[in-house]
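J.: According to Swiss-Prot:
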type	residues	note
BINDING	Arg129, Arg169, Gly175, Gly176, Glu208, Leu210, Glu215, Gly241, Ile242, His243, Gln285, Glu299	ATP 1 binding site
BINDING	Gln285, Glu299	Mn(2+) 1 binding site
BINDING	Gln285, Glu299	Mg(2+) 1 binding site
BINDING	Glu299, Asn301	Mn(2+) 2 binding site
BINDING	Glu299, Asn301	Mg(2+) 2 binding site
BINDING	Arg715, His754, Leu756, Glu761, Gly786, Val787, His788, Ser789, Gln829, Glu841	ATP 2 binding site
BINDING	Gln829, Glu841	Mg(2+) 3 binding site
BINDING	Gln829, Glu841	Mn(2+) 3 binding site
BINDING	Glu841, Asn843	Mg(2+) 4 binding site
BINDING	Glu841, Asn843	Mn(2+) 4 binding site
DOMAIN	133-328	domain 'ATP-grasp 1'
DOMAIN	679-870	domain 'ATP-grasp 2'
DOMAIN	937-1073	domain 'MGS-like'
REGION	2-403	region 'Carboxyphosphate synthetic domain'
REGION	404-553	region 'Oligomerization domain'
REGION	554-936	region 'Carbamoyl phosphate synthetic domain'
REGION	937-1073	region 'Allosteric domain'
Amino acid sequence: MPKRTDIKSILILGAGPIVIGQACEFDYSGAQACKALREEGYRVILVNSNPATIMTDPEMADATYIEPIHWEVVRKIIEKERPDAVLPTMGGQTALNCALELERQGVLEEFGVTMIGATADAIDKAEDRRRFDVAMKKIGLETARSGIAHSMEEALAVAAEVGFPCIIRPSFTMGGSGGGIAYNREEFEEICARGLDLSPTKELLIDESLIGWKEYEMEVVRDKNDNCIIVCSIENFDAMGIHTGDSITVAPAQTLTDKEYQIMRNASMAVLREIGVETGGSNVQFAVNPKNGRLIVIEMNPRVSRSSALASKATGFPIAKVAAKLAVGYTLDELMNDITGGRTPASFEPSIDYVVTKIPRFNFEKFAGANDRLTTQMKSVGEVMAIGRTQQESLQKALRGLEVGATGFDPKVSLDDPEALTKIRRELKDAGAERIWYIADAFRAGLSVDGVFNLTNIDRWFLVQIEELVRLEEKVAEVGITGLHAEFLRQLKRKGFADARLAKLAGVREAEIRKLRDQYDLHPVYKRVDTCAAEFATDTAYMYSTYEEECEANPSTDREKIMVLGGGPNRIGQGIEFDYCCVHASLALREDGYETIMVNCNPETVSTDYDTSDRLYFEPVTLEDVLEIVRIEKPKGVIVQYGGQTPLKLARALEAAGVPVIGTSPDAIDRAEDRERFQHAVERLKLKQPANATVTTIEMAVEKAKEIGYPLVVRPSYVLGGRAMEIVYDEADLRRYFQTAVSVSNDAPVLLDHFLDDAVEVDVDAICDGEVVLIGGIMEHIEQAGVHSGDSACSLPAYTLSQEIQDVMRQQVQKLAFELQVRGLMNVQFAVKNNEVYLIEVNPRAARTVPFVSKATGVPLAKVAARVMAGKSLAEQGVTKEVIPPYYSVKEVVLPFNKFPGVDPLLGPEMRSTGEVMGVGRTFAEAFAKAQLGSNSTMKKHGRALLSVREGDKERVVDLAAKLLKQGFELDATHGTAIVLGEAGINPRLVNKVHEGRPHIQDRIKNGEYTYIINTTSGRRAIEDSRVIRRSALQYKVHYDTTLNGGFATAMALNADATEKVISVQEMHAQIK
């Protein structure tokens, strides 16, 4: 039955900002859905508040709204655009919740909009735990013993039945937010209190513990004629008790017998039938008790998910695209499989002749005080995927693709340490981010497979694989490089050993292993991901490396090629913005007739989609892997400036190996990043910088600090996302920093800068082609200098800076671009204090602001710069004028503090945000208000505000207090702030700080007295003292600001209505022309 003709236009709901548990896999699914539906001739309307996505590019949909995904805003869009249908299965939990809310509020009925892809009833049946349990019983499947609670009393009654340990999960939240495992009553009450607070329906599901059981997932697609296929089976390497998003996973499932697999396959199809999913993809999760084989259904998601992105990349089967077409009435047998060039229909189940491993990437080092043990609440921020012919090869490739400094199973503990065994046992039993390496250490320390199994519950089959690799490592260390004869080296490479790891084991340099491979002519071949285990010929070049005989790469010899190196796994400081740039580079160069080659290993992204580039190599972005691809493809140029720090780190080594790095030269990049060389350039150009020094010892630092003056910003050289960067206020602070943080720099020096307190920070993105410098955009930060630029909200155009100051910056950017010989993108950061412009830093590469600026101005910077790198001047492209839009765009960040209880949510020079949203308005206030709504802030228009500010802010706080009064707020203040306000004739209610007696601030926050808090501090002591204010505000969902500038922006936004007017990107850009 072909597509529906009763609908003409479809509204797709996006997933909003990137948060832990919902990352860029939804940009991938949303972008695919837009393409698939427009291909069928539908008018597509898209709403997504995240500007760093490909799906919000103006050419992806007919009308694109970068607006908050909030039912009232979406109602405005529906009223204006009048879609016939809404597709909510592409935007994760955010989109599902929004669709259900639109249904509940009667919006869909009011405007006659049909929900496609999933019915409200099916979503509710899958998400509502009680209905789900009843449905499973009906088809003869077991679920965990459980109960549902809406209050603490009910929860305790359920716990009495289920017993401890038990697992608590709030309904309608994602990434396991607010859930956890309770081993006793005290922990139980704490988790339930948090869960009741986070669940939009105030509902908790309390389950018997299945900890230690094996966990499996099935990716299923079903159409309305009841054709059902399993796209992929996924097995969790880690047992139940660790959220599947934080588990290492393997596809296809490795330890099921055929009979067990068939039982699970049939069960998952039965689940989709019963829940009523008949137009799209779902994932069904199972737990199996390894002792007796008891099978339990854990849950099902009636939408495209993180696992379906993984399954799509693992098999080459585009689940989101197929799901979008099924949603408009097609059946599986009517759709053709792209990868085989239409030789097979989409109703053929993919079969694969390789093994895929996914490993999550964590960022605990950014959250001092966070609990870094893995539980049922998801904490990872990204993931890496690797493909190999065996489990061992795929696992070792994934370990090196993770970019955490490991080249394979590098040891974590020294076996000479008397505490070694205790530490290993602790890490195995209570898993953290590095357990996989401790397993290898356990085998080195003499534990048996059973010994490790008893501590971890990881299937013995996986453990045997790791043990074998450890024994091989011992052999390499024993025989050294002379013992690496051709056959032995081939065996090692087949098992996924990296040159760098072998070099470390044999005690030689990596280059020597490479030389040895050249002597033996030992190189990888490339195999294709083709959905059919090489049964049919394939047109798409989607490749992975392995050490076998036959190479299927078949590179072209008649076309000019350009290779783009991606950014690897997402992490804080290097996220979707960089992937966005890589995709744009590929699209632009394809349009210009080049053959484009993408190298990346992140399964969540659009860059690793098989039709983004002409050729895709799903490989770790390391020197060894990239050089092997260059050897076979021989590209005319390689782009390293777009994937963040990952490919940049390789620039020099690639150049040294004779690889043509295009754009800004590695030497110019080094001139900008190396402190001393940069200093010389700045002095030549006579630009101002904050007083600074480079030091290599504690004593030297103490001396220099006296000359520069406190406060100081201290950091190691060469970092992204401000790792190990801090503001120190006195000598004791400085000494503590050197003792605790400086080990990051591996004998590299530490930089000291005088900290410009209260300066306004500004970001400028520009493109230089050697002749002309194009200013992409000047963004004024809302938080003052000292907050990492990636964590600060910003406005384009600037909202307080004078024209003169902006012109000074334009001139300085131009001088720097020419001095550093930039070819392509560059980003410059300035600080403005007392009308003086200070240069903070220059990055001759794509910055994380590029997507935001492109959306705000309508100039696709990443595309323009990619063409510049390939030799096309700005004049030839007709892009030489800076665009200053007639409206305001505000970028606001999203922070993951709710996942890390115990971490102080104070913003500082270390970047901690995971994602961003954008708000657009006729005024700064309207744009800022929209950005706040988009980032799920809890800003209220009136109520009671608490003011508690540091010495340096006391003059300006009077003005803020007056604005809040005018808005109708009642005011409270702490002692020092109250005195200043009193002198100005404003009399707030006085409140006690925590150590001044009760009722104090924290009591009042807990009692729900405040709707807004502003709390600014400086100095380590004051920061520690006021931490409980910030933590309580976060916990009780009170909107708070930790900078005075943020407070003023909030006060302005209170007058604006964020839900009143919606504007599409296409309408915005039309205003510019």
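For all residues, glycine too, the Cβ spot is worked out from N, Cα and C.
I'd like these features described in context: how deep, what's nearby, how far apart.
T.: According to DSSP, Arg129 (ATP 1 binding site) is assigned to a helical segment.
Within 10 Å of the C-beta of Gln285 (ATP 1 binding site) we count 21 further C-beta atoms, all protein chains included.
Long-range Cβ proximity for Glu299 (Mn(2+) 1 binding site), meaning a same-chain Cβ under 8 A and a gap of 6 or more residues, is found for Ala126, Phe132, Val284, Gln285.
In the three-state DSSP scheme, Glu299 (Mn(2+) 1 binding site) is classed as strand.
Residue environment of Asn301 (Mn(2+) 2 binding site) contains 24 other Cβ atoms, counted within 10 Å of its Cβ in all protein chains.
Within the same chain, the residues at least 6 positions away from Gln829 (ATP 2 binding site) whose Cβ sits under 8 Å from its Cβ are Glu761, Val762, Asp763, Val764, Ser789, Leu839, Ile840, Glu841, Val842, listed in sequence order.
The secondary structure of Glu841 (Mg(2+) 3 binding site), as reduced to three states from DSSP, is extended strand.
Cβ neighbours within 10 Å of Asn843 (Mg(2+) 4 binding site), excluding its own Cβ and spanning all shown chains: 18.
For the domain 'MGS-like' (937-1073), the model's pLDDT averages out at 91.
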J.: Taking Arg715, His754, Leu756, Glu761, Gly786, Val787, His788, Ser789, Gln829, Glu841 as the record's ATP 2-binding set, what's the max Cα pairwise distance in Å, rounded to a whole number?
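T.: So the maximum pairwise Cα distance among the ATP 2 binders is 18 Å.
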J.: Between Asn301 (Mn(2+) 2 binding site) and Arg129 (ATP 1 binding site), how many Å separate their Cα atoms?
T.: 12
J.: Helix, strand or coil for Arg715 (ATP 2 binding site)? Use DSSP.
T.: strand
J.: At a 10 A cut-off on CB-CB distances, which of the binding-site residues Glu208, Glu215 has the highest count?
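T.: Going through Glu208, Glu215 one by one, the largest Cβ count within 10 Å is at Glu215.
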J.: If you count other C-beta atoms within 10 angstroms, which of the binding-site residues Arg129, Arg715, His788 is the most crowded?
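T.: Of Arg129, Arg715, His788, the one with the most crowded Cβ is Arg715.
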J.: For the binding-site residues listed here, Ile242, Leu756, which shows the highest count of neighbouring CB atoms within 10 A?
T.: Ile242
J.: What count of other C-beta atoms do you get within 10 angstroms of the C-beta of Gly786 (ATP 2 binding site), across all chains shown?
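T.: The Cβ of Gly786 (ATP 2 binding site) has 21 Cβ neighbours within 10 Å.
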J.: If you run the three-state DSSP split on His788 (ATP 2 binding site), which class comes out?
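T.: Looking at the DSSP assignment, His788 (ATP 2 binding site) belongs to neither helix nor strand, so coil.
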J.: Across all chains shown, how many C-beta atoms besides its own are within 10 angstroms of the C-beta of Glu841 (Mg(2+) 3 binding site)?
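T.: Other Cβ atoms found within 10 Å: 14.
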J.: Nearest of the binding-site residues to Arg129 (ATP 1 binding site) by CA-CA distance, picking from Leu756, Gly786, His788, Asn843?
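T.: Checking each of Leu756, Gly786, His788, Asn843 against Arg129 (ATP 1 binding site), the shortest Cα distance is to His788.
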J.: Please tell me which one of the binding-site residues listed here (Glu208, Glu215, Ile242) sits closest to Arg715 (ATP 2 binding site), measuring Cα to Cα?
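T.: With Cα distances computed to Arg715 (ATP 2 binding site), the winner among Glu208, Glu215, Ile242 is Ile242.
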J.: I need the CA-to-CA distance for Glu208 (ATP 1 binding site) versus Gly786 (ATP 2 binding site), whole Å please.
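T.: Here the two Cα atoms lie 47 Å apart.
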